[in-house]
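Each remark here refers to the structure printed beneath this line.
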Amino acid sequence: MILNIILLILSLSLILLACFVFTNAIEWFGKKLNLGEGVVGSVLAAIGTALPETVIPIIAIIFYKGDGANAIGVGAIAGAPFMLGTLAFFVVGTAVCIYSLLGKRSLQINADINIISRDLKYFIIIYGIAVLTSFISAHTIVKNTIAILLLASYFIYLKNTFCEDSKKMEELDDLYIAKILRVKTNFFWIILQLAIALAAIIWGAHLFVGYVESLSTVLGITPLILSMIVTPIATELPEKLNSVIWTGRKKDTLALGNITGAMIFQSCFPVVFGMIFTPWHLTGVTLLSAVLALISAIFHFTWMKWQKTIQAYILMLSGLLYLIFILYIFV
């Protein structure tokens, strides 16, 4: 057990280091292509860091047969948007407060509200339709048609995101690999650093999940709880850590866009896969997690439209929804 804990810490350290390298590379990638922070945070960073948690449910559903595999797969699919919409928002809000107390930044969050609220709007519509579809899951043709339409909606989102103006990338640290090798920063070195960072993130997340699962077995945690709580916490670490890093650098649009963009990606690709290849009948804890994720998104979307601002303590309120979920399971 002690060895598992040590390995858990080491794999977490690998993910954290890889996230530092990834954020540096993705910022340079966006700068070279003259992309705005909205595209870099909500699309490029979101897709890159969403890879680990996207692969897990697909592997569970395809390579493992039976109701148990479907339950774990659907649990992981529903768990990802839930963790992002509750715990990740809480982590960003907390990070802002801690950085502020340390004198590293102000409490004011200076994210582009139009970008973040747009992301939340897409998530609410797409994921809301997916959740409602679970109530008519017996109608396979209807369910699969809706799934295909939801997948197509992501490309509409991409088009709107790329067409929308946002603040350009500026004030970047030197590209790490170029600085170490003392070479000029160009696309080759940016792509190489990006590839190394993504590989390290995926490998680190894979190791982390494995050690978490081993520890969970020792502690007697059930497979459903593992797929709904433990695994998503592990696989969502890249998004959370990237956002904490960007929060410390006062790049709030990137920090929040990384989370909201990942929420949309998770509500499209893994969810659509689950809708087509599983019964997609959400009940119990999976339905509760989906509803709580939507409540969090609707709350923050409404607040942003009403107050025209994003505040750290408001983001932290999403932690209460996560607490409700934990209490429902364990009490």
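Backbone N, Cα and C atoms are what each Cβ position is placed from, and that goes for glycine too.
Any TrEMBL annotation is an automated prediction that lacks curation.
Feature annotations, courtesy of TrEMBL:
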DOMAIN    5-158  domain 'Sodium/calcium exchanger membrane region'
DOMAIN    190-330  domain 'Sodium/calcium exchanger membrane region'
TRANSMEM  6-26  transmembrane segment
TRANSMEM  38-64  transmembrane segment
TRANSMEM  76-102  transmembrane segment
TRANSMEM  122-139  transmembrane segment
TRANSMEM  145-162  transmembrane segment
TRANSMEM  187-209  transmembrane segment
TRANSMEM  215-234  transmembrane segment
TRANSMEM  255-276  transmembrane segment
TRANSMEM  282-303  transmembrane segment
TRANSMEM  310-330  transmembrane segment
Outside the transmembrane segment (187-209), six or more residues from its ends: residues with CB under 8 Å to it: 7-8, 11-12, 14-15, 17-19, 21-22, 24-26, 28-29, 32, 48-49, 51-53, 55-56, 175-178, 181, 231, 234-235, 237-238
Sequence-remote partners of the transmembrane segment (255-276) [C-beta within less than 8 Å, at least six residues beyond its ends]: 37-38, 40-43, 45-47, 49-50, 53-54, 57-58, 61, 73-74, 76-77, 80-81, 84-85, 88-89, 92, 109, 111-112, 115-116, 119-120, 122-123, 126-127, 130, 133, 143-144, 146-148, 150-151, 153-154, 157, 239-240, 242-244, 246-247, 293, 297, 310
Per-state residue totals over the domain 'Sodium/calcium exchanger membrane region' (190-330) - DSSP helix, strand, coil: 123 helix, 2 strand, 16 coil
